[in-house]
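What TrEMBL records for this protein:
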- A:Tyr327: active site, O-(5'-phospho-DNA)-tyrosine intermediate (ACT_SITE)
- A:853-864: compositional bias 'Basic residues' (COMPBIAS)
- A:879-895: compositional bias 'Basic residues' (COMPBIAS)
- A:7-131: domain 'Toprim' (DOMAIN)
- A:146-590: domain 'Topo IA-type catalytic' (DOMAIN)
- A:180-185: region 'Interaction with DNA' (REGION)
- A:843-895: region 'Disordered' (REGION)
Amino acid sequence: MAAKQHKALVIVESPAKARKIGEYLGKDYIVLASMGHVRDLPSGAAEVPAELKKEQWATLGVNIDQQFEPVYVVPKDKKKTVKELKDALKTCSELILATDEDREGESIGWHLMKLLEPKVPVSRMVFSEITKDAIQKAIRNTRELDQNLVEAQETRRVVDRLYGYRLSPLLWKKVAPRLSAGRVQSVAVRVLVRRELERLAFRKGSYWDLKAALATASSARFDAALATVGGQRVAQGRDFDESTGRLKTDADVLLLDEAQSKALQTKLEESRDWVVSNVETRLQTRKPYPPFTTSTLQQEANRKLGLSARETMQIAQRLYENGFITYMRTDSVSLSQEAISASRACVTNRYGQEFLHPEVRQYTTKSKSAQEAHEAIRPAGVEMKTAEELSLNGREGALYAMIWKRTVATQMAEAQLRFQTVTIGTLDVEFRATGRHVEFAGFFRAYVEGSDDPEGALEDSEAALPPMEKGQQLTCKEVQALAHETKPPARYTEATLVKTLEEEGIGRPSTYASIIGTIQDRGYVRKQGNQLVPTFTAMAVTKLLEKNFSRLVDLQFTARMEQDLDDIANGQAERLPYLKSFYSGETGLDEQVKQNEAGIDPREACTLDIDGVNAKVRLGKFGAFFEGEREGQLVTATIPDDIAPADLTNELAEKLITQKSQGPQSLGIDPESGLPIFLLIGPFGPYLQLGEMKDGEKPRRVSIPKTRDVSTVKLEDALEYMKLPKTLGPHPETGKVVKAGIGMYGPYVHHDKTYKSLDKTDDILQMTMERALELLAQARVRVPVAPLKELGAHPVDGDPVQIFEGKYGPYIKHGKTNATIPKDRELDSVTIEEAVRLLDERVAKGGGSTGRRGGKKVTKKAAAKKAAASAELVTPKKAAPKKKAAKKATKKSVT
DNA sequence: CAGTGAGCGAGCTTCCGCTTGACTT
């Protein structure tokens, strides 16, 4: 008796948006969220509809013989959403598609229509800011779905699928299983690899110069740097060629070495005649930076707050969901009227009229690929409350404060700076000093990019010089000779990589963070502090792609694709000719892959020629290794995991190969057993072994802690390490023994049931009872949690079955198996029989019973299993060193 | 918890872009 109410169903993409829009539209509308895309190409064999499985193109999900017709499926995690939307539509008399106003949003709208098969009128509503006015206006001005835009999206989707799913399998065959290639990731990796090669080619250059501390009669001292000698400019870093480490041939400069600079220093120290020969002043105005987009927010949060792109997005998501900021995935720098007037009011109140920019400042997006479906990231609403006023603290507060400052600053006055360059002459030598003075702080008052503390930054920038005029006499307090070395081009960080990708139009706001995740998960990149370091695998894959698919890994590929997609969106081109030219024919992707499948030698693809290193670098199943020759024999030697490609030197290669060819080196003989002690390197790092391997019998082994420099381990210490675990003595309180040893997770002390890892600064060989007690006192005491209820013994093994309170509500525990209790279930009425049934169901479902910190391989498998979302999937036996779970499991690899 | 760069092998891996909860000591 569902008397059809005359309500309209409005579908947007995000639930937070749905809530807000629901408020503005009132009770005649039901506003729901699609949660992004609702249909997609099948992601793998498991999702391909049964009737298509036997098709050649099944796993592509695109019928390449029939006009590249895509196969669309509703992914498992979207089934629920789709059902909810269908149910809601049954009660409505109108459907309004209010997905984002961009290519992807238009497509989501179209897919929704295909899926929901509405029998009621459908319209398309768009808006770019979420205010009551804007929404009400938008709903009065609906339009039709734009089929051209939908087609452009589908073309994008198909190109990405064909690119990724044709090239990746080629990499599996030629380089290593589970690798991947893609329009975005392969270019990202290539960017990192090219920089690494520049670093590899880099040769250090060194030069000297002088620094003089000078002062006027009345001023404090200031520094000036040597500029010219005898009229010739003195060499600086930029005069050096990075690949030779020598002066560029066209550089007409004077290169000073140590002796020359020190001689000059002595000479100048005696000079009493220092005169200002020139004073130049230049005024500069600085405009505030545009408000944040996803990309600039990620860059700035990485620089200022040390957050990864992913962390930034997680925090921003929370701020957005709680209504503190506008939508965080955007490529637009435009601010709504609401935001502009709120910011201007805020500037006047907080800093005064003089700090307000006289006119409204609006920014326009430069990026060509921008789609601008949202406004810039800014504090939501009209009040412009500060983080303190909103009681935000921690990382949320810090990120919000950054957004607040950047937004408010956009409406502030320009900053006025005065730069001064003073040239000082003495003998035949010139020195130069530059000063900067902030004439008017303007927006600096609120915000200085790259600096966390505007006030402090203002003072720093006050490196002004004392007033000086031409001909003025100065006194010299000190002259120093300084050595300099040129530095290789810096590795990319998350911030600089995101910046580069955005500039090239590669990737979208919603994907910057996940790109960085993907290239790490696939083992192309490793993070070292803030640096992104490409691996040898990345080098090999990039080499293969550059050589055989140069068009596809060109930085311009995406930009060109975007132009074609624009043409399709404008109705000036069609998808089919574009897809054909990309995939089919002589020069198409299909043919290229086929040729290379036959043509590429896997052994060659896995071999790298490194400039300056005689040995070959090759990729094996267990990582990269050197292959060299000793006495006519091929010798292979593992390259340690923490060695980056640019760190390779011929010396390192020779050393490792020699070591390997000589076999295990004995550090000496253990006097007790008479056996030699070997220093060896295994998959988990260096370790010591007493005696040779005998069949069946494993010799005694002990790891060397990561904190210890292996080259300093001599027989004496080796003997000490071999004594581990050793007893330190009885615990003064319990009388039970306290031990020190090295285990899976590194060096530890142990007492009773408590284990505690040593600090980085502790040396296990120097461990004393006193320090051990200190460490044990720090150990987290495991208080056994009392069960909520005992259900009795399990019928199979007699172990107890108990109910515990967990983070997500009560659960049943038996051994290592946990099972959820259905939400609506009364705890008191759960019987042992029911509990056993729930536990069995849990086991049958798979997963869940393995401890997270258990065996490392188990953890990985469990995670891989989850990802595959397939119940009976058997994970292959081959150990994959870098996989999905790698992020969470990295800690395990520490000895 | 350990020395390799691979021998047999069914069926699997993989893309980009849009969006949240998911589930469990």
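Each Cβ is built from the backbone N, Cα and C atoms, and glycine gets one as well.
Taking a C-beta cut-off of under 8 angstroms and a sequence separation of 6 or more, A:Tyr327 (active site, O-(5'-phospho-DNA)-tyrosine intermediate) has the following same-chain neighbours: A:Ser14, A:Lys17, A:Tyr320, A:His374, A:Glu375, A:Ile377.
Across the range of the domain 'Toprim' (A:7-131), the DSSP-based residue counts are 49 helix, 26 strand, 50 coil.
Summed and averaged per residue, pLDDT over the domain 'Topo IA-type catalytic' (A:146-590) gives 94. In terms of DSSP secondary structure, the region 'Interaction with DNA' (A:180-185) contains 1 helix, 0 strand, 5 coil. Following the DSSP three-state reduction, the secondary structure of A:Tyr327 (active site, O-(5'-phospho-DNA)-tyrosine intermediate) is coil.
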